[in-house]
């Protein structure tokens, strides 16, 4: 019973998705609430502040655990490594509030969809639903399944038939009202938060609360000037933060506001058409699509087709054709039926419909799938409102440092209590002085130190047309050691040039037709396929669409006409009408009419159309796509026997190859054709030939890849193109260096009696180029020893092989990835999966792509860079308006500079706190302190200015062959802080003790007598000193002393010293002297300090609360400070920052990197049987118990999650939908 109670107390929300949460049920407890109220009053609101910072404590203090079905409060916890908590209240919706009677009979469904969550969640006879809202999404409690479920969307369990039949005629008015109440409005409302609320949120930040406590303490002790300076800076910081947040809020509000005000037309069951505001739409409504139209929801197309621009979501400005969901008589969920191609049926919220094409049976119709924040645009806005925190070691290390400094402060607190109590100081003053020492160790600007470098880096990136929507990732860019590139449009030019066609006849390839002659393709079925099999549209008299389709169409010299003009002539509702142009080859065909289109998809690697030649009664099917894929759908007798060799002869030269196929449909009825399934259309085709296109490297590609290679940054190609083409491009770009071996990894799925297999195939002839062909060795079940150069090898594989290895040879995957360079024919889901696998090997991964099919991978990478002409693409954290890969080294350079700057500022502020802590400990021993203006100069004139300008040093123009340290807790950094702390401690203690040994030294309160007694030992400016020292008693005795006079210039120069030595330039930043403002400030601070030290002006000494000393003592102070500078600089520059020395130490003591990829590289380097060459290995999951190659199975590898072979893609978030 108790176990069931515990089980009912907890459930998972969004199980298996990226935003998965644990939910715990709680019930308010009046006695506990009363105790918390009393405690809040007694602590003057302090407890409420703690509850604000820790919502889980509030729930635990005020509530008692209970089953979720009885809970009135829920506690939510993220399942990621951050374990963040949220508190939400459960509320009830009562259907009795509706204007019409609602059925109270148990057997009657509330909505037409009997499997709807609404039906299952309804509590009868009260007719209520228990709900909660989490990050703008509404959930209802499903008592049958004992969990909260989303509302505001149609269930994925609906089949194609369900969507057409259940929702095809629209919803009744009553069902619409029920859904509106339960699902909420179809609105993406971003509140413009009032300024007072933003101010309160900023002020209640723990950092500002600590700062307020510190400033209150300092003001109470008369530190007016410094406190006022900090208050002014804090107010400016808060105002700027509030202004920035307010502006972001306004921009986001304006971005989504128009979405909520669209007028739409829907079909209401038994009533017909009805116009209403888009915020009243509910899942299941039938939406009528007019011409140009901005979509206010996600909807699935059920009748007609349309062309949409999805640039707002993906950064891809190419129009995308959407086709209706087929009517299939099966119970399979519609997304599973359509596989990854389901996106071709879905219209996403926020995209623009630019053209509609009715089917001839009425207007273009779509069923509303998701509304409000459940939509694609809603997901995007939520990702901005609730960004996922970054798991970067730097930030966790920084927190540990702050905790360490706070512990020092606590030790200082008890030290001060002991000293002041020992001297008999009143308790009030004792506690006050102890608290002051507590605040010394944690500088108020410390939390902001890690972001200052990012601000400067972001500005410099913007000048280079690289825009950033996630500044926290800039530091991560400094750690990148592997960059993945898409091929087409990234490494190679966007545009493809036509090289020629290779037609087939009688099962043989014919002579190639070259486009270099300027002649169009002669009329043939191949020409008809090139003219009709594409997704081009005519928009405002201009043909628009995919660049490949445009080039192919231009090669025919045919033209496209507006379908509306000629639709009557051909007697049918058509998509496109294509006619021969003036320069086209002579054709017996007057026109080609495309009637139906099965769009291209990355996962399917093909597209096809159903067309009709003018004057004919039957129809034709034309297909184009990846040659290997198209050949699979053709009759074997029509595919030339030398097809693989012919294909390879072009792909090894870097050509892009497209295959075309055709068949005739013996049907005379258009309605029969329109309802044909894609599987039936795309079968038994005749192979027509190959279309050869050139895809040239961008001129910047080779230079950038060389620069990354010299910086020892791995480069990998992830593309949807042919494997041979990808390998050739990798070689031509020198991603695969000359002389390296290429091993193709080809894996096959298990069959009935044969287990999964993986074949290792060596590409023999490495010298390739135009006119040269590669030779492949015979593959057998034997191992071939490595030849010369075997230590430099690169694996290449296709997406299909990657998927098989992922499932059946998982232990092989890391071994392949550490040397994998080319991954071809990869689907969007596989690209994201590959990025995640690289990250599991502890690589810091960058991804550069065009932002369309790569959006999932761009989001998954540590630094995703989208090449887009838009200023900021939401497909990735970084967007480059310069559409070549030069942005990659720029970003890495700035990331390294920002990371080093953050470390430098952090080290400086840590040393600042320690130096001040040491001097405070020494002075507290004699109940003394530095004066207000002494602190003011150190804290404002030096420290604050250093923090603001230290990070503005530009990045070094050349990438170093190693990365900066990525951890604050690394040995060089810890040693740097430790040794500098020791230097400071030794110098300060020595000076503190040595000044007491001087013959002219005396206690502060004896100063005047002391001066007269030791007059002969002072400097010659006796008369000047005598004129003002008599008033020394006006200065508080706890400040004016020889100890403060000695320690202040030493510590001040020490601050300048650590600021200088922590501002190292090369190899990651330019030299310090190039940072003019910072250099000037350091020199000015040093000059001012020396001037004050040696000046004999009464106004200066009175103002700075110093005692004049003999010149030799001042010279000694300066010599000591400069000696400390020299020692600290030598240690920092020649030892701690000496990369070669640390490598030598690591080798001598046997220290190795703990990164997984380093471990695997070391293991494989010692394995004489790796890499396997020209052999086949089998998995152990076959029925006949095949041999497993034990050399490649590692028990150290943790089994990873499996890819779904026939199901949905691995991403569960918004990007998977795109």
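Cβ coordinates come from backbone N, Cα and C, glycine included.
What Swiss-Prot records as N-linked glycosylation site, among 669, 1014, is residue 669.
Looking at 540, 1017, Swiss-Prot tags one of them with N-linked glycosylation site, and that residue is 540. In Swiss-Prot, the feature N-linked glycosylation site is assigned, of 819, 1027, to 819; the remaining candidates carry no such note in the record. Swiss-Prot lists transmembrane segment at one of the ranges 903-923, 1155-1175, 1176-1196, namely 903-923. Checking Swiss-Prot for transmembrane segment across the ranges 359-379, 380-400, 401-421 points to 401-421. If you look at the transmembrane segment (1077-1097) against the transmembrane segment (973-993), you find fewer than three C-beta pairs under 8 angstroms, all six or more positions apart, and that falls short of contact. The Cα atom of residue 850 (Mg(2+) binding site) lies nearest to that of 486, taking the recorded positions 486, 540, 669, 819 as the candidates. The closest partner of residue 540 (N-linked glycosylation site) among the recorded positions, by CA position, is 854; the full candidate set was 486, 669, 819, 854.
With respect to their backbone Cα atoms, residue 669 (N-linked glycosylation site) and residue 486 (active site, 4-aspartylphosphate intermediate) stand 44 Å from each other.
Geometry remark: residue 486 (active site, 4-aspartylphosphate intermediate) versus residue 854 (Mg(2+) binding site), CA distance 8 Å. Distance between Cα atoms for residue 854 (Mg(2+) binding site) and residue 819 (N-linked glycosylation site): 22 Å, as a whole number. Long-range neighbours of the transmembrane segment (1115-1135) within the same chain, counting only residues 6 or more positions beyond its ends whose Cβ lies under 8 Å from a Cβ of the stretch, are 976, 979-980, 983-984, 987, 990-991, 1046, 1049-1050, 1053-1054, 1057-1058, 1060-1062, 1064, 1090, 1093, 1141. The least crowded of the glycosylation sites 540, 669, 819, judged by other CB atoms within 10 A of its own CB, is 540. When Cβ-Cβ distances under 8 Å to the transmembrane segment (1042-1062) are tallied for each of 903-923, 940-956, 973-993, the top count falls to 903-923. Within 10 Å of the C-beta of residue 850 (Mg(2+) binding site) there are 23 other C-beta atoms, taking all protein chains into account. Fewest other C-beta atoms within 10 Å: among the recorded positions 486, 854, that description fits 486.
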